[in-house]
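The N6-acetyllysine annotation in Swiss-Prot covers Lys49. Marked as repeat 'WD 1' by Swiss-Prot: 64-104. Annotation comment: Swiss-Prot describes 107-146 as repeat 'WD 2'. What Swiss-Prot records for 149-191 is repeat 'WD 3'. The feature repeat 'WD 4' is assigned by Swiss-Prot to 194-234. Swiss-Prot lists 236-276 with the feature repeat 'WD 5'. Per Swiss-Prot, the feature repeat 'WD 6' maps to 280-319. The annotation repeat 'WD 7' is assigned in Swiss-Prot to 323-362. Taken from Swiss-Prot, the feature region 'Required for nucleolar location' applies to 353-441, supported by experimental evidence.
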Amino acid sequence: MKVKMLSRNPDNYVRETKLDIQRVPRNYDPTLHPFEVPREYVRALNATKLERVFAKPFLASLDGHRDGVNCLAKHPKSLASVLSGACDGEVKIWNLTKRKCIRTIQAHEGFVRGMCTRFCGTSFFTVGDDKTVKQWKMDGPGYGEEEEPLYTVLGKTVYTGIDHHWKDPVFATCGQQVDIWDEQRTSPVCSMNWGFDSISSVKFNPVETFLLGSCASDRNIVLYDMRQATPLKKVILEMRTNTICWNPMEAFNFTAANEDYNLYTFDMRALDTPVMVHMDHVSAVLDVDYSPTGKEFVSASFDKSIRIFPVDKSRSREVYHTKRMQHVMCVKWTSDSKYIMCGSDEMNIRLWKANASEKLGVLTSREKAANDYNQKLKEKFQYHPHVKRIARHRHLPKSIYSQIQEQRVMKEARRRKEMNRRKHSKPGSVPIVSERKKHVVAVVK
């Protein structure tokens, strides 16, 4: 008689150790799982709710300045070090790990208008209202030595900004004009200007390092080529631009922080139309900085908040504020893309998480898998009304909330007025102008 025996491979169902997870046989035939999509929807809804529950972005407040914080600079080689300059001429170097000030320098008389670090991280530069450019050692003075700059350059006019080249021992300052300096010389290698108004900010391109951009008080954004020592072209906007920041991953793109409450992302090859207009702030935007990934940027505003924008979206994905935080003057995104620092005029530097609900520290493999799965579910169901409503909801201060409502009413009134004018005018006499083209006055080459 023939007997058929059942044989199973124990490797398919037996755990190697008792600490392993039990292996569960699964059949992925969709006919056996008729409620797969409703189950995923519930999981996406729960994941979105939990994201808002665990959204605790504020990490620390670094206090020690005796006047408002006017500028920040990152250390190019160390994630733990950050430099800050105040309105009383004081520069502090902070250790973010210990959340303590490790060094204080009385650098200038009056405001510290700008500061930048050398690309190798051995020294940093500051400019102030006392018409001087100073270079300082990143490491403190030795025992018995006095705190003195490596060298000092006395200029003829007040310098309002400074930035260092990403590869060469060259830096640029701005004021009445844009000056290019060699570190070994006490006079500018070349000077460039276009117009007669003062220039408030200058920034080197991190990819095409010979390019730099500046913004002037006559509403211009001017681009320069350091090889030709001449301006390339400029774009004139309706209102003044406070600062610009280049995208670290896309060589031709930069974002401008404007006085008209908006930010504009431009492609320098086609300046007549912005790539994107970023709208959400309710007061002048004072500073902007990109994440190292180039996918997002953070903006600081006079409305006492900071916002995180995706590069390709016109609305912010996150807004950070506290009860004590006043006008935010400067903001930086750390080099590991995990944290954001902002300095405000009530003398504090605040440290935030870039992702408000992110768990800090080392994650287990199961936690990583669960996070990835939840993220995919939220992306899949992001346009469903309940998921979208929960994900977008933010608590705002009363001042910002009321200003948002006021701006909404004003925008609707302008739109209605334009429609009525078009309705009662000759066809074609009142053209339809897109939001992106409204704010650009002219491009000059």
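Glycine residues also receive a Cβ, built from the backbone N, Cα and C atoms like all the rest.
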Which residue counts does DSSP give the repeat 'WD 6' (280-319) for helix, strand and coil?
-> 0 helix, 19 strand, 21 coil
Using DSSP, how many residues in the repeat 'WD 3' (149-191) fall into helix, strand and coil?
-> 0 helix, 20 strand, 23 coil
Using DSSP, break the repeat 'WD 7' (323-362) down into helix, strand and coil residues and give each count.
-> 0 helix, 18 strand, 22 coil
Residue distribution over DSSP helix, strand and coil in the repeat 'WD 1' (64-104) = 0 helix, 23 strand, 18 coil
So what pLDDT does the repeat 'WD 1' (64-104) average out to?
-> 95
